[in-house]
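Annotated features in TrEMBL:
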TRANSMEM  54-80  transmembrane segment
TRANSMEM  92-114  transmembrane segment
TRANSMEM  171-192  transmembrane segment
TRANSMEM  223-240  transmembrane segment
TRANSMEM  260-286  transmembrane segment
TRANSMEM  409-430  transmembrane segment
TRANSMEM  436-457  transmembrane segment
TRANSMEM  464-482  transmembrane segment
TRANSMEM  502-522  transmembrane segment
Amino acid sequence: MEMKTNGKSAAFSSETGLVDSELGGSVNQYDLSPEVNEENAQSDLTYGIDDTPPWYLCIFMALQHYLTMIGAIVSIPFILTPALCMEESDPARGHIISTMIFVTGIVTFIQATFGCRLPIVQGGTISFLVPTLAILHLPEWKCPSSDYIKSLSPDDRTELWQVRMRELSGAIAVSALFQVFIGYFGCMGIILRYVTPLTIVPTVSMVGLSLFANAGAAASQDWSIAGATIILLTLFSQIMTEVKVPGIKYSSKHGLKITWFNLFKLFPVLLTIMIMWAVCAILTYIDYFPPGHPARTDIKLNIVHASSWFRVPYPGQWGIPTVSASGVLGMLAGVLACTVESISYYPTTAKMCGAPPPPVHAINRGIGTEGLGTVLAGLWGSGNGTNTFGENVGAIGVTKIGSRRVIQYACILMLLQGVINKFGAVFIIIPEPVIGGIFCVMFGMITAFGLSALQYVNLNASRNLYIIGFSMFFSLVLPQWMQANPGAIQTGNAVADNILTVLLSTSILVGGATGCILDHIIPGTPEDRGLIAWANQMKLEAEPTVSGEKSTYDWPVGMSLLRRWKWTSYIPFLPTYNPKKSN
């Protein structure tokens, strides 16, 4: 089968799937050179989705993904914990961070191995913070005065925030059952019939564009450091990709020998972070930055000292979750927003990593598994749900490394960090301007890939220009107004107010819904709307394969057993297909 990747024709063969590599390894196990990946020879991918890089390269590539996601995850508890009425000196703040990363490791491994099987990271999301804050702003959950909190005993102060965490945990876990249902019961196939290119463009693009404030807030703390970070990342990922450096390779037959490999193409993000972190450390040592400057590497050292060495998160660690109608219905808005966002990421990620378009059974499993992950996050008491990390999708576009195995290695790092608290605390002290510079590039890549769906539509059609312009502009205007006027919705019902406020404050949901509705009510030919070209890209059925071949979206185990039973074709999330006879 042939597919298009970044404008170039690339051959994809399902004969070299992950199942083979998981059972027997790769024939190129010790070759560092990207040229050995014949399937990607005609594209700019270094490793495709089913490729298995050497284990030592996987470790560094996994660390690259870990560093990409750690900043986003750590930022969530710093917004969440004050709303929970938790004191700044409470060591439980670090426990919540470790819990979020621990759950991220579990859910990501399930998703990449048995879910949609795309190399995506599933973790905490800002989309859940909006309904969370709306719930915690209800009269019964508002924090008392700081003087009152200080007058409480230590046990009472702990109970003060834990009772709120239990309310959030129950709301998150129960609301996510909706996502589990629509995924595992096959509803995504129906939903995808209404997801057109003019739905994808505003949805995915607004993920990057709506995060510009977060990237700008971090980068603007020191534009010299952030600017240097952007320059280095651009240099490594776009200009020096073909520059090779010497390395040492060992094999049992030839022993040690010198080999040349594309260091900058493999590790642009990791190299950039390490270099800029070292620069900030040197400037801190010579006191170039004044005390308290955000680029200093010593302002968060107390986090490392205060962190415990070992702690294993467990379900119900804050008590048994509680459930209320207002909490569940309010949190449902976050679940809907995450569902729309993840649907948009699947074909984008598949294109980035050289995979065929995801069939409907893979999308069903992906959404169902994401819902299952959110249920687990609620039961574990992370205070947040799970969603596809746009930052790591952007990292695939920058690094050109789309191997599923790399993500599985990253899961091991996440699980270790969730248990060894000081390990994660070291990465928390990365200077904010460095993270801001990385985000400027990553979010830009996400926006660009969202806009790439415009290749399917006729941009000479005035109806398409109207839909694109209005859906993207309106999805910036309305959420900004909602945030400036949080009490604007007054229906007389607090639950309805919370739901509408959350929905109208989520730019990706506003943009995607606006684009979808306008695309279906404004007259247009299938060619102008891009439906014909999009149907070839977003197939709803797995392609027939010769008996014995393996598909990218097949499970790593049990496929031979499933194919013996014809009734499995009626289960919407099973990776089955209509076999064809070999010649």
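All residue numbers here begin at 1 and follow the chain in the order shown.
Glycine is treated like the rest: Cβ placed from N, Cα and C.
TrEMBL entries are annotated by machine, without manual review.
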* Candidates 92-114, 171-192, 223-240; stretch with most C-beta pairs under 8 Å toward the transmembrane segment (54-80) -> 92-114
* Structure fact -> Residues outside the transmembrane segment (171-192) whose C-beta sits under 8 Å from one of its C-beta atoms, at least 6 past its ends, are 128, 135, 321, 323-324, 327-332, 334-335, 338-339, 343, 360, 363-372, 374-375, 377-379, 383-385, 538, 540, 572-573
* **Criterion met for the transmembrane segment (223-240) and the transmembrane segment (436-457) (at least three Cβ pairs under 8 Å)** => yes
